[in-house]
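Feature annotation from Swiss-Prot assigns signal peptide to 1-45; the stated evidence is experimental evidence. Annotated FAD binding site per Swiss-Prot: 66-67, 86-88, Arg94, 125-128, Val305, Asp503, 510-512, in sequence order, evidence recorded as experimental evidence. Summarising the annotation, Swiss-Prot assigns substrate binding site to Arg128, Gln272, Tyr415, Ala510 and lists experimental evidence as the type of evidence.
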Amino acid sequence: MAFTRRSFMKGLGATGGAGLAYGAMSTLGLAPSTAAPARTFQPLAAGDLIGKVKGSHSVVVLGGGPAGLCSAFELQKAGYKVTVLEARTRPGGRVWTARGGSEETDLSGETQKCTFSEGHFYNVGATRIPQSHITLDYCRELGVEIQGFGNQNANTFVNYQSDTSLSGQSVTYRAAKADTFGYMSELLKKATDQGALDQVLSREDKDALSEFLSDFGDLSDDGRYLGSSRRGYDSEPGAGLNFGTEKKPFAMQEVIRSGIGRNFSFDFGYDQAMMMFTPVGGMDRIYYAFQDRIGTDNIVFGAEVTSMKNVSEGVTVEYTAGGSKKSITADYAICTIPPHLVGRLQNNLPGDVLTALKAAKPSSSGKLGIEYSRRWWETEDRIYGGASNTDKDISQIMFPYDHYNSDRGVVVAYYSSGKRQEAFESLTHRQRLAKAIAEGSEIHGEKYTRDISSSFSGSWRRTKYSESAWANWAGSGGSHGGAATPEYEKLLEPVDKIYFAGDHLSNAIAWQHGALTSARDVVTHIHERVAQEA
């Protein structure tokens, strides 16, 4: 294969991460400019239907999560009569915030009651919002106050197993990054100086790259990484002649073989890069705000849908609420029920649609929150937000982004997915807690086991009305990768008067943004259809 500038930059990105590659590209004048794509959604205006379309038009929305409530909110702006049917007793669906008073019985029959102190909580579901997501636009429109979310913190730890002396050792992100970037910069600079890139880069290019690498890796004058203040201090600099004592770097071979840099690219991601945001008081604040705008008289909580059928008058939905069987017929229906659960309803959907719904496979994910009566992560580890990462089943430990310097706080003791979450799924809450504490203490020490006031956990595969964290499309590896599966495309089409919406029908699966954009798309299609049929 020809060795080109493009292949060189691609390899640089694979080994050093997007930050290293992009920095080098900028230095060489190769980095492209970026521009946000134009938004095409046009919100419906108040009175869009009045005096323009004959008669009234009604929509029944199945599900009071992000897609369902957003659909109802936008449709009401134009004068549609909307009824939302939600099986739970709260809005938000998989956007679920556990706080004092929360109670949940899972599919195993175990009931948990949350006893966190007033003002303390954690988000069992969605917890962060990227700057690019329209979720922030709705926070603005609905008056939901937001605050910064610590998605990355140089003081949190990485702890991985390997065949090196770093195996099972907790290393701060700042130290891991300083050593990894330092040694990589040293090796790349050496390769550049020895002529390995002569067929790719001009003399001026190499000079610019060497200058960049010297700065990026904090290299010595002779191009070596000898350590850096970037990795932290054993004793902090102070007054007078107290210059501090820098932490010594790990050996190059240990750093490379240990894989301590395996998670650095996480916050390079378009939807994970700082700044990130979250609502003050919990993510569910957004959906209580939607509820207030829509009106509780237009939302039926505790409504378990049993049937959804196209009929001559539109769509008839049957459900149970308060121990009684009820039904509603509307001109249109928007179904936001998780796709793998729709087939359980009595329905008259075509076979190919039912097959398409089954192609959206459920996934495993869960969290456990521990309330500590002492914020040891701040006072002892100097950690204010962010997450420690590990290859243990707990995957990561997320620290509070609020109530700084107070006397207590809720730590998310694990946020795991896939096979790692399956290790927790069949356990009782007490067993989950014990496992989380045992693994967490191997990262943060014995203090992790003390001063525990209460705890609460959630596993989405075991949660009624969800039975999944998010959808993975069969044959697509869980994401579309620029091309949709036939089953996915099938569900983008209405079945007579029934429309489907949700994050599973977006290119932002598992994000609120995905559900909200899907809802907007369906609202637009319904409104255009009503106008055309008038």
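Glycine too: its Cβ is placed from the backbone N, Cα and C atoms.
Shown in sequence order, Ala126, Thr127 are the same-chain residues outside Arg128, Gln272, Tyr415, Ala510 whose Cβ sits within 8 Å of the Cβ centre of the substrate site. If you compare Cα positions, Arg128 (substrate binding site) sits closest to Gln512 out of the binding-site residues Arg88, Val305, Gln512. Between the CA atoms of Tyr415 (substrate binding site) and Arg88 (FAD binding site) there is a gap of 23 Å, rounded to the nearest whole number. Of the listed binding-site residues Pro66, Gly125, the Cβ environment within 10 Å is emptiest of other Cβ atoms at Gly125. Within the set of binding-site residues (Thr127, Gln272, Gln512), the lowest number of other Cβ atoms found within 10 Å of a Cβ is recorded at Gln272. Remark: Val305 (FAD binding site) has Leu62, Leu85, Ala87, Val317, Glu318, Tyr319, Ile337, Leu345 as non-local neighbours, by Cβ distance under 8 Å and separation of at least 6 in sequence. Other C-beta atoms found within 10 angstroms of the C-beta of Arg88 (FAD binding site) number 20, with every protein chain shown included. For Ala510 (FAD binding site), the same-chain residues 6+ apart in sequence whose C-beta sits under 8 angstroms from its C-beta are Ala469, Trp470, Asp503. Rounded to a whole number, the C-alpha distance linking Arg88 (FAD binding site) with Gln272 (substrate binding site) is 30 angstrom. Under DSSP, Arg128 (substrate binding site) is assigned to coil, being neither helix nor strand in the three-state scheme. Reduced to three states, the DSSP call for Val305 (FAD binding site) is strand. Glu86 (FAD binding site) sits 30 Å from Gln272 (substrate binding site), taking the C-alpha atoms as the reference points. A 10 Å cutoff on Cβ-Cβ distances gives Glu86 (FAD binding site) a total of 27 other Cβ atoms nearby, all chains included. DSSP classifies Tyr415 (substrate binding site) as strand under the three-state reduction.
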